[in-house]
Amino acid sequence: MSIMMLPMEQKIQWVPTSLQDITAVLGTEAYTEEDKSMVSHAQKSQHSCLSHSRWLRSPQVTGGSWDLRIRPSKDSSSFRQAQCLRKDPGANNHLESQGVRGTAGDADRELRGPSEKATAGQPRVTLLPTPHVSGLSQEFESHWPEIAERSPCVAGVIPVIYYSVLLGLGLPVSLLTAVALARLATRTRRPSYYYLLALTASDIIIQVVIVFAGFLLQGAVLARQVPQAVVRTANILEFAANHASVWIAILLTVDRYTALCHPLHHRAASSPGRTRRAIAAVLSAALLTGIPFYWWLDMWRDTDSPRTLDEVLKWAHCLTVYFIPCGVFLVTNSAIIHRLRRRGRSGLQPRVGKSTAILLGITTLFTLLWAPRVFVMLYHMYVAPVHRDWRVHLALDVANMVAMLHTAANFGLYCFVSKTFRATVRQVIHDAYLPCTLASQPEGMAAKPVMEPPGLPTGAEV
């Protein structure tokens, strides 16, 4: 610690040369290594600390407590003089001879603060937290920038109502779709119906595992108070169902592309047995690719910055479920549309089959409905986490609701495009309603068949 002798009209400057000098000014030498690091950090980011604390930005601390403003020139130099004079009496005598005694005395009184009578019954302010201090003051703590509360669920009960309606309407509709497609696949033995049946089965699994078990049971009923092993095992089934649904749609896309662009090869290669084997291979691959997501972290509970494993799993999910499938959809659908336009320019009628129209509708619907979820997931990973920003929390809730809508929207698309599907659905409903009607009629009132086998004449004997 050094004192520079200057003329009387200039100020005495004091330059700290080590952490010991700073702790000496603060009035104690018993600082731990953690406190030294805090002092060093405060020395580097003084402006940042002042900008984050309304308490330090106030003009003064009222109520008889210490004045903690950062004072330029006179007061701060006097404060430094007083501490130096206490350590060096010789320097004190020398300064008195130069006429600086009044300045040092004022600074010394400022260092000691108000008198005991003036400060009786008033709270004291600690400049830096020490190991013996229980915590920061309440006013300081309320403006501490590093502490952030968990973001509230702004949507409230709307997701619960939405998923309940989606499950109550979507699951019966999906079961009806599966029965109708099973009849069409058995009757026609066309590969496209087998692929649509497998796609519907995957949507049913998504509704049961994700919508019912995930959002409603774990989220709403149990409030996420579920054993971690159960949650992680459910993650495998959820991601496997998502992968199966998307990649079966890719099989349908490739089948339609081959049927339109390479019809001879499609007729020679397509068969019900080969179609079933392709579906079984995709389902097995989907289950295997869902196993790594056992370590998937819930974004509502993920309070730390994403680790390497988290980033790998989130990027794998985005690539497997959205980016790669959308790339395949874009290429194959563009080739199909280009083929149909060429037929129109050559004078032939560009006939668009029902399966092709259903394919274009399914892929377009999937691309639009899943885009918000993927965007919010990447935003959560690199910009703002869900648990800190209520807007990201709300965006993730809405994105999940929109993404789950595709599991029930396919039925309306099938009915809108295909007259054969509508007729099959009516037949399924009629067949299910007729036994219930016959069972509800009294005994002896059942309708007789229109055509009766011929019997023996009355009075005739065998």
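Quick reminder: no glycine exception, Cβ is built from N, Cα and C everywhere.
Source: prediction; values computed, not measured.
As annotated by Swiss-Prot, topological domain 'Extracellular' applies to 1-152 (among others).
Taken from Swiss-Prot, the feature region 'Disordered' covers 87-123.
The compositional bias 'Basic and acidic residues' annotation in Swiss-Prot covers 106-115.
Taken from Swiss-Prot, the feature transmembrane segment applies to 153-173 (among others). Within the same chain, residues 204, 207-208, 211-212, 215-216, 219-220, 390, 393-394, 397-398, 400-401, 404-405, 407-408, 411 sit at least 6 positions outside the transmembrane segment (153-173) and bring their C-beta atoms closer than 8 Å to a C-beta of that stretch.
Annotation comment: Swiss-Prot describes 174-195 (among others) as topological domain 'Cytoplasmic', evidence class sequence analysis. When pLDDT values are averaged over the topological domain 'Cytoplasmic' (174-195), the model yields 94.
Under the heading transmembrane segment, Swiss-Prot lists 196-216 (among others), citing sequence analysis as support. When Cβ-Cβ distances below 8 Å are used as the criterion, the transmembrane segment (196-216) is approached by residues 159-160, 163-164, 166-167, 170-171, 174-175, 177-178, 181-182, 185, 234, 237-238, 241-242, 244-245, 248-249, 252, 279, 282-283, 358, 362, 400, 404, 406-408, 410, 414 of the same chain, each at least six residues removed from its ends.
As annotated by Swiss-Prot, topological domain 'Extracellular' applies to 217-233 (among others). According to DSSP, the secondary structure content of the topological domain 'Extracellular' (217-233) in residues is 11 helix, 0 strand, 6 coil.
Annotation comment: Swiss-Prot describes 234-254 (among others) as transmembrane segment, evidence class sequence analysis.
The topological domain 'Cytoplasmic' annotation in Swiss-Prot covers 255-278 (among others), and the record cites sequence analysis as its basis.
Swiss-Prot lists 279-299 (among others) with the feature transmembrane segment, giving sequence analysis as the kind of evidence.
Positions annotated as topological domain 'Extracellular' by Swiss-Prot: 300-316 (among others).
Per Swiss-Prot, transmembrane segment is recorded for 317-337 (among others), and the stated evidence type is sequence analysis. Beyond the ends of the transmembrane segment (317-337), by six or more residues, the same chain brings 239, 242-243, 246-247, 249-250, 253-254, 256-257, 260-261, 289, 293, 296, 356, 359-360, 363, 366-367, 370-371, 374, 377-378 to within a C-beta distance below 8 angstroms of the stretch.
The topological domain 'Cytoplasmic' annotation in Swiss-Prot covers 338-357 (among others).
Residues or ranges marked as transmembrane segment by Swiss-Prot on the basis of sequence analysis: 358-378 (among others). Under 8 Å from some Cβ of the transmembrane segment (358-378) lie the Cβ atoms of residues 192, 196, 199, 246, 249, 252-253, 256, 299, 314, 317-318, 321-323, 325-326, 329, 333, 336, 392, 395-396, 398-400, 402-403, 405-406, 409-410, 413-414, 417-418, all in the same chain and six or more residues away from its ends.
Annotation source Swiss-Prot lists topological domain 'Extracellular' at 379-397 (among others), citing sequence analysis. Here the topological domain 'Extracellular' (379-397) has, by DSSP, the following mix of helix, strand and coil residues: 12 helix, 0 strand, 7 coil.
What Swiss-Prot lists as transmembrane segment is 398-418 (among others), and the listing cites sequence analysis. Within its own chain, the transmembrane segment (398-418) is flanked in space by residues 155, 159, 162-163, 166, 169-170, 173-174, 176-177, 196, 199-200, 203, 206-207, 210-211, 215, 245, 354, 357-358, 361-362, 365-366, 369-370, 372-373, 375-376, 425, which lie at least six positions past its ends and keep a Cβ under 8 Å from the stretch.
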Short question: which residues 6 or more past the ends of the topological domain 'Cytoplasmic' (174-195) have a Cβ under 8 Å from it?
-> 201, 203-204, 207, 248, 251-252, 255-256, 270-272, 275-276, 279, 355, 358, 407-408, 410-411, 414, 420-421, 424-425, 427-429
Residues sitting near the topological domain 'Cytoplasmic' (255-278): Cβ under 8 Å, six or more positions beyond its termini, same chain?
-> 189, 191-192, 194-195, 332, 335-336, 339-340, 355-356, 359
Which residue counts does DSSP give the topological domain 'Cytoplasmic' (255-278) for helix, strand and coil?
-> 21 helix, 0 strand, 3 coil
